Amino acid sequence: MCFLSCQAVLGNSTSGEASSVRLVDGSSSCSGRVQVLHDEIWGTVCYDGWDLLDANVVCSELGCGEAKEVKLAEYFGNSSGQIWLTEVKCFGNESSLTECRADKWGQNVCLRDLYAGVICQPRTRLVSGINSCSGRVQVLYNGMWGTVCDDGWDLSEAAVVCREIGCGDAIEVKSSAYFGEGSGQIWMDGVNCSGNESALSKCEYHELELNDCNHSEDVGVICQSVLRLVEGFDACSGRVEVLQNGKWGTVCDYNWDGSDGTVVCKEKGCGNIKVLTYGAYFGATSGQIWMGNVSCNGEEATLSTCAFEGWGTHNCLFAKHAGVICDLPVRLVDGDSFCSGRVEVLHDGRWGTVSDDGWDLTDAAVVCRELGCGDVIEAKGGAYFGQGSGPVWMNSVDCVGNESSFIQCNVDHWQHNNLDNLHDAGVICNEPYSTNRGSVQGLESSVKVLLRIEMKTDPKFNPNDHRAMSKLSKEVRTVTRVTMSCIFLQTSSGCIIDSLYLHSLETHRLRRSCK
């Protein structure tokens, strides 16, 4: 063993310099296969002897907090090229991996694919956004979360945040407490990033606690989401797909459960998980399968931070796709039917209202379409359907009209503490379908058999909790939202899709079984 002789280029809180260590092929800049730079060539680190002490040094050097897990690099996909280090031995207090003990550069034997990887716990997060990849920026320092001032903040800084937390490209910068005012300490001001830093803490900024900001200047960002729901009935249902290395792929449905679905719904900014789907319920695709044997505890902010076999590692058969049906984040209350009422949106785990400032038919039409309620008839203001009791979440709503979800519309900012409920917005939509009993026919895409949906109504159930669903001519669409206690799906050949009870607090698996 010997001390490494190369010079590390260390970053710090004010220099913005790069590091000679990086993490690649992970879900964020704070997870991945460990690579070190030597002789201007990036190479890997052998897994032999790799432990949390070594991983902690890497995470700290990159500004990524503490190590959460050590991983074999095959977890992050296949690798080739130079192996620089083996038998790394850190005490944990080194400022750089290059200060740790290890065998000589490049003079080692390492079993194929046994490369070192790490998942760090980032010191940056987004809160109070419309999904897990948007919100007010918070950073962790001295064990306390605090906000960041918007002075000088632009897309370069936003890009670092988005990459650090495992989201896609930075789409938009939000200033002036767009996502609401934070509380507590303002940790950073005058942040200046090149855009290539591994973490926000590696950028230049004014010294901690020395700023002239207040929480009305809290900065926020909107990043591209790395999770989507496709072929669904609306923005909150469909086949789960994740983005990795610039390519979208599916999630295997083996061991898919309610905790996994809960994380997906939360990441999408939807309500509670209602139904888990399996197989090709939302259509089959032959593309990449990215995740297998996903195991979430339900508290994770994103699906990619849950435990799973590794990117692209699975034993999944074709058309075994995980899917979800989540509650929608918008509802109509206190109206004459489920297609009329006061508009309420779910934000930060609480239902709140929408101010009628600027409220028009274009905005109302997005709500009607999202709820499966046909065309808009009237946009109502002045608390026409009564005053709500929660916060006023949205003001000066400005929808283009083609949004898939109402919460995607532009607003001046979220959370209006100075507004009351006297101006709550409402809407009256055209109800395309209303009956106490009906049937819908559709074509099930994988087994090509005719399905019949029987609906039994029960007035004690909340109509906004349920949807009637069909597939017609391979087009997935919402037929109506009706009050119903159960759905029976049965084929003409006797193949029964298990009875599905859609009660407001229950989650049920949607499986196919023939007998």
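Just so you know, glycine gets a Cβ as well, placed from its N, Cα and C.
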- According to TrEMBL, Cys306 takes part in a disulfide bond; indicate which of Cys296, Cys326 is its partner. Cys296
- Query: In TrEMBL, Cys223 is paired in a disulfide bond with which of Cys120, Cys149, Cys162, Cys316?
  - Reply: Cys162
- Item | Pairwise Cα distance for Cys429 (disulfide bond)/Cys316 (disulfide bond) [Å, integer] | 43
- Message: Between Cys409 (disulfide bond) and Cys368 (disulfide bond), how many Å separate their Cα atoms?
- Response: 14
- Candidate nearest Cys46 (disulfide bond) in space, where candidates are the disulfide-bonded residues Cys100, Cys120, Cys162, Cys296, Cys368 and distance is Cα-Cα: Cys100
- Task: Just jot down the residues in the same chain as Cys162 (disulfide bond), at least 6 apart in sequence, with C-beta under 8 A of its C-beta; none if empty.
- Result: Cys133, Gly168, Asp169, Ala170, Val221, Cys223, Gln224
- Query: Given the disulfide-bonded residues Cys59, Cys316, which one is most crowded in terms of C-beta atoms within 10 angstroms?
  - Reply: Cys59
- Note on the structure: Other C-beta atoms within 10 angstroms of the C-beta of Cys326 (disulfide bond) total 25
- Item | Those residues of the chain, 6+ apart, with a Cβ under 8 Å from that of Cys120 (disulfide bond) | Leu23, Cys30, Ser31, Ala55, Val58, Cys59, Leu62, Cys64, Gly65, Glu66, Ala67, Lys68
- Rounded Cα-Cα span from Cys306 (disulfide bond) to Cys316 (disulfide bond), Å: 18
